[in-house]
Amino acid sequence: MEVMRILHMNKGNGETSYAKNSIVQSNIISLGRRVMDEALKKLMIRNSEILSFGIADLGCSSGPNSLLSISNIVETIQNLCHDLDRPVPELSLSLNDLPSNDFNYIFASLPEFYDRVKKRDNNYESLGFEHGSGGPCFVSAVPGSFYGRLFPRRSLHFVHSSSSLHWLSQVPCGEVNKKDGVVITADLDNRGKIYLSKTSPKSAHKVYALQFQTDFSVFLRSRSEELVPGGRMVLSFLGRSSPDPTTEESCYQWELLAQALMSLAKEGIIEEENIDAFNAPYYAASPEELKMAIEKEGSFSIDRLEISPVDWEGGSISDDSYDIVRFKPEALASGRRVAKTIRAVVEPMLEPTFGQKVMDELFERYAKLVGEYVYVSSPRYTIVIVSLLRMG
């Protein structure tokens, strides 16, 4: 599976598009807002004389959320500058995602974004910016994988990423051996599943964890080159609170999708061997795994590390004993909404293996499975939010 080509959300504005089914990701951005605002305040106080800030949002995707993060960042900086009685610095805002992302949707949304910036900035016209421009904000798109360098050395002051770092750079390979100096890899043995599960072999657990450590270390090393000393980074993504990578919070949405696929295979609609060959380029990391990677890379210190549970529709959960009693029709309706959210994200990576023609039937079955599960359980995701300081 070529992740660079297939890892993008459903494009456009249709009923199965990411633009219409991304409330969970929007809520995750909101969940990390407090930590982001705190990091920006510390950054602004330390850099009171800087006239221009480099800011990047990594994994921006497309749709209404694509400009939400940088809009929040600009709003926070404007408010901080007002409180600190200083002019708003020029802001170089870079939006990053893979080349397959629908950047045209983002470009079409920029005039509305610029208008919001203008309304919030009383100094807009006095700075010499014309109507229709971005004012002190200069927005650009940077296509490419964030598992590698994207920006010039020491050109960034702040990096943000939400709902992206749970995606891996590639599907993990099987056990790696050396024979006569040649590295040999095998396909991952995870039959009947598309991600880690209770029945996955321990070797699958190992290679998934290793792939995350490799990818996240490359991510940190790349950002350490691009951020100025004292720069900050706030990351939020799907993770887990348990050391066990096969708990419900980290994998059960994939387990139910595998069940839906297997039901199609049993009826001869798709080939079971295609299910055996498919594994999601995804990993829900634990806080301990994050700490290990950050400490090993050595360029960043952890300013804050939090985990927050949300339900499968993105709603906040404030109580550890969270439990909702649902009527059956309500649970099935919830299942349909969850299925549309998942479809908007994973359909582009499923189509090359299973074909476009089966997608409607697949996600109808998936919606029913999710609804039945929601009826008897209260499933949740765990959101990891980490704020990092570039040392030096």
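Heads up, the Cβ atoms here are built off N, Cα and C, so glycines get one too.
These numbers come from a predicted model, not from an experiment.
What Swiss-Prot lists as S-adenosyl-L-homocysteine binding site is TYR18, CYS60, ASN65, ASP97, LEU98, SER145, PHE146, and the listing cites similarity to another entry. Under DSSP, PHE146 (S-adenosyl-L-homocysteine binding site) is assigned to coil, being neither helix nor strand in the three-state scheme.
Residues or ranges marked as jasmonate binding site in Swiss-Prot: GLN25, HIS166, TRP167. Taking the Cβ of TRP167 (jasmonate binding site) as centre and 10 Å as the limit, one finds 22 other Cβ atoms among all the protein chains shown. Under the three-state DSSP scheme, TRP167 (jasmonate binding site) falls in the strand class.
Counting Cβ atoms from all protein chains shown, PHE278 (Mg(2+) binding site) has 21 others lying within 10 Å of its own Cβ. Residues or ranges marked as Mg(2+) binding site in Swiss-Prot: ASN190, ASP276, PHE278, ASN279.
Shown in sequence order, MET36, ILE55, ALA56, ASP57, LEU58, SER69, ILE70, ILE73, MET233, VAL234, LEU235 are the residues of the chain, 6+ apart in sequence, with a C-beta less than 8 angstroms from the C-beta of HIS160 (site 'Involved in substrate discrimination'). What Swiss-Prot records for HIS160 (among others) is site 'Involved in substrate discrimination'.
Under a cutoff of 8 A between CB atoms, and with a sequence separation of 6+ in the same chain, the neighbours of LEU238 (site 'Involved in substrate discrimination') are SER163, HIS166, SER250, ALA284, TYR381, THR382, ILE383, VAL384. Look at Swiss-Prot and you will find LEU238 (among others) tagged as site 'Involved in substrate discrimination', backed by similarity to another entry.
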Among the binding-site residues ASP97, ASP276, which residue has the fewest other Cβ atoms within 10 Å of its own Cβ? ASP276
Report the nearest neighbour of ASN190 (Mg(2+) binding site) in space among the binding-site residues ASN65, LEU98, SER145, TRP167, comparing Cα positions. TRP167
What's the CA to CA span in angstrom from CYS60 (S-adenosyl-L-homocysteine binding site) over to ASN279 (Mg(2+) binding site)? 24
Return the member of GLN25, TRP167, ASP276, PHE278, ASN279 nearest to LEU98 (S-adenosyl-L-homocysteine binding site) in space, with distance defined Cα to Cα and candidates limited to these binding-site residues. TRP167
Which one is it: of the binding-site residues TRP167, ASP276, PHE278, whose Cα lies the shortest distance from the Cα of ASP97 (S-adenosyl-L-homocysteine binding site)? TRP167
Where does ASP276 (Mg(2+) binding site) sit in DSSP terms: helix, strand, or coil? helix
Those residues of the chain, 6+ apart, with a Cβ under 8 Å from that of GLN25 (jasmonate binding site): SER61, ASN65, SER162, SER163, GLY314
